[in-house]
Amino acid sequence: MPRSQKNDNFIDKTFTVVADILIKVLPTSNREKQAFTYYRDGMSAQAEGEYAEALQNYYQALKLEIDPYDRSYILYNIGLIHTSNGKHGRALEYYYQALKRNPSLPQALNNIAVIYHYRAEQATEKYQSEVAKILYNKAADYWNEAIRLTPTNYLEAQSWLKQRENI
């Protein structure tokens, strides 16, 4: 039984019912419907912290989904899981793939910036100031782009960028 059919969360159930109705009435291929079902089940598993199950669903969705925009969100969610698991290098790969298909994905830009900022802090702790400087600059570049796309978001990043200008 698909995960979406055994969910006990009211909001998830509501989303599932609405999604099922849309899948039935929208003029999409069976392949697209199946891809969306895997994606939806992946989101549900991810929300419950079942990352291995979520990844399986996302990988199945990737095999079926052909639309670049939709693929970008699948790739982004895979990146989120790798970030949560501390696999930052792997997460970056998926965020970059998502951006290649959807350059206007500010959340991927933000997450890339967060990883570079984290790595810069690690370099600073190891007294690798030149490496840290490069990584902080990369973080700033990605945050600036994310903020350009969504000026009212990423307030902490905006604050950090302003402080950085004043140093």
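Keep in mind that glycine also has a Cβ here, set from the backbone N, Cα and C atoms.
Residues in the repeat 'TPR 1' (35-68) partition by DSSP class (helix H, G, I; strand E, B; coil) as 28 helix, 0 strand, 6 coil. Here Swiss-Prot flags 35-68 as repeat 'TPR 1'.
Annotation comment: Swiss-Prot describes 72-105 as repeat 'TPR 2'. The list of residues near the repeat 'TPR 2' (72-105) in space but at least 6 beyond its ends in sequence, with Cβ under 8 angstroms from a Cβ of it, reads 39, 42-43, 46, 51, 54-55, 58-59, 61-62, 65, 111-112, 115, 118-119, 149.
When Cβ-Cβ distances below 8 Å are used as the criterion, the repeat 'TPR 3' (120-153) is approached by residues 104, 106-107, 109-110, 112-114, 160-161, 164 of the same chain, each at least six residues removed from its ends. Residues annotated as repeat 'TPR 3' in Swiss-Prot: 120-153.
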